[in-house]
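Note sheet for the following structure.
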Amino acid sequence: MSLATFLDLTLSGLVVGAIYALFALGYTLVYGVLRLINFAHSEVFMWGSFAAVWLMMAMGARSGMSIPAAIGFLLLALIAAMAVSGAIALVVEKVAYSRLRHKNAPPLVALISAIGASFVLAEIMGLRDKIAGWVGLDGVLAPYVARARDTTSFPNPLPNVTLFEVADFPVRSNQLIVLFAALIMMVALDQFVRRSRLGRGVRAVSQDPEAAALMGINRDRVIQLTFLLGGLMAGAAALLYLMHIGVTRFNVGFILGIKAFTAAVLGGIGNIRGALLGGLTLGLAENYGSLIFGTEWKDVVAFCLLIVVLLFRPTGLLGESLGKARA
Amino acid sequence: MRRFLDAVGDAPRGVRIAGLVALALLAYALPLLNPPIITTPESDFRAVLFTVASYALVALGLNIVLGYAGLLDLGYVGFYAVGAYTVAVFGSLHGNLPFPLLMVLAVCITTASGLLLGAPTLRVRGDYLAIVTLGFGEIIRLVALNSEWLNGARGITGIPRPPSVELFEIPRLTWEGWVAYVDLGDKSVFMKFALLDATPYYWLTLTVIIFVLFADVLLQRSRVGRAWEATREDEEAAELNGVPTFRFKLLAFAMGAFVGGMSGALFASRQGSINPEPFVIQISILFLAAVVIGGQGNRWGAIVGAIVVAYLPERFREASEFRVLIFGLALLVLSNFRPQGLLPPRRRRRVNRETDRKQQMEGGVVHG
């Protein structure tokens, strides 16, 4: 193995890991306040990715634009993805969770409800050509809805240039942009939860919902806020994913969501910094694992790592700091 | 609906047993009756019945793990796959053992895999178990997909069938509108296991289900069942009262694996050939949905849930493109409007009834 291969695997592992981490925040935040796996979070991500693709198509983005224009386009796509993902996350909360929460239903039912929401959201996207046909818009929207079950590619206007070389390994601009953008978003969220008034509410509810309610914190608001924050982060993750991988699909969220959730658990679910550590660890482990055992064993390595880590550190690498120790 | 359930629950034992026997007879007769409305116009009704029965068997197994012991298992399809692959590997690919022996072997290996997975992982807390089991299910599938010894994606063909005893032929009914005809050209041979006619497999699976139901009743009413319930409701309290919770959780896991493996073995034999494709996580989710929709902790609920999950998509095949969408909507509606499941356990129903009564009384004081 050459040094260049190793560096390549390391960098792409870190990039994928950062995307996992950003995606994992939605699972971690919601788990922190609700103690529930938000199964529909994968679809929140998927809708964000389509929002970005569609906006780019509508604005006519293509490669070979001037750099400032390309950056502007990407920023607009980021805003669109975050807005749509955030909105979908709020819808999921409203439709799949809030009613059950007020009924005090057993937690597993909420899981099934979220799975139902996830199927519905994925299938609406996967059947968008039919649905557009019902309202007679399939002609107008043809470029957006055609071949609904195939992959859609993301027209990235930003050229992927080689910035510098380390030991014959070219470091490309897109990878660095994705990595740093993800890290900045995570730091921003971490600071928001740690320092802001709203963030304090989130932490209070995750530590002790009853006491938080007695202190005048509106639990429903806080829950909506965590869904929104998770959705925003998933939208950002979706755009970065598109910049890195280049295509999306109606069922792209499923496997990625499982990976992101694995990352959240690996780092210690409910813990924002844990999600970062878990995501990066998972991304690196996958890449090194596929180097040692072959690409087809990548996922096996990831899940084995998870099982081994949980055996020795049952609450994940960093433990559950956002939440309390279990009653 | 609720009044009906309560009436069934409070009916005398004799009446209940008679009802169950009648229900079982009806279930056995279904592939022969081929009743209109219930039958599936777009796909082979007998094959659908077999699928429903094998789902019901799986749901019964998962109900032990999830409903009784309260362990969230998202990788239950892994046990199903282990059962199926055991039969395939030792019956066709690397051996040619006869079916009855294969069945025993499949059950032993799946139970062992349940113990093997459970022993290290059941010490982690409930919610983590979900992702660990999900990982396990994926690992099983990926190993089957990538291992040359298991023939990878090509899968395994020529899986042995149960030994046939061709005793007599039974004609089935065909319907024209509401008039039934005995169709002498389309007969089922009593216990001839073949690819074309799934009826004998359905009967075999149904018989297995009945045995599992008996064992399930005995188990739930025994010390073991009470220990599971105590563990599910409050693990610390159970432990303090002398229930070795870890051992009982492991037992639940092994029992669940046992039943799941059996269903997988029957599935493999019925298909005649298998590949890793049908063992994806989505199927685990379907199993889970069956148990939760039905009402976790109630064996009849698990069966009803399995029927909903396996039968409805086949019945409405003409809407095949929208199947998953409709299924998702059904999950959303069912969980939001019947959070306790279609058939909640009797004790839960009593609790709900009491709560309602109390609320009514309290309400009466406030307004009165």
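Cβ coordinates come from backbone N, Cα and C, glycine included.
All annotation found in TrEMBL is predicted automatically rather than curated by experts.
Here the structure is a predicted model, which means the values were calculated and not measured.
TrEMBL annotations:
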- B:45-67: transmembrane segment (TRANSMEM)
- B:74-93: transmembrane segment (TRANSMEM)
- B:99-119: transmembrane segment (TRANSMEM)
- B:126-144: transmembrane segment (TRANSMEM)
- B:201-219: transmembrane segment (TRANSMEM)
- B:250-267: transmembrane segment (TRANSMEM)
- B:279-312: transmembrane segment (TRANSMEM)
- B:345-368: region 'Disordered' (REGION)
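Proximity of the transmembrane segment (B:126-144) to the transmembrane segment (B:45-67) is not established, fewer than 3 Cβ-Cβ distances being under 8 Å for residue pairs spaced 6 or more apart.
Here the transmembrane segment (B:279-312) touches the transmembrane segment (B:45-67). Their Cβ atoms form 3 or more pairs under 8 Å, with each pair 6 or more residues apart. Between the transmembrane segment (B:99-119) and the listed ranges B:45-67, B:74-93, B:201-219, B:250-267, the one holding the most Cβ pairs under 8 Å is B:250-267.
Annotation: stretch B:250-267 has the most Cβ pairs under 8 Å to the transmembrane segment (B:74-93), among B:45-67, B:201-219, B:250-267.
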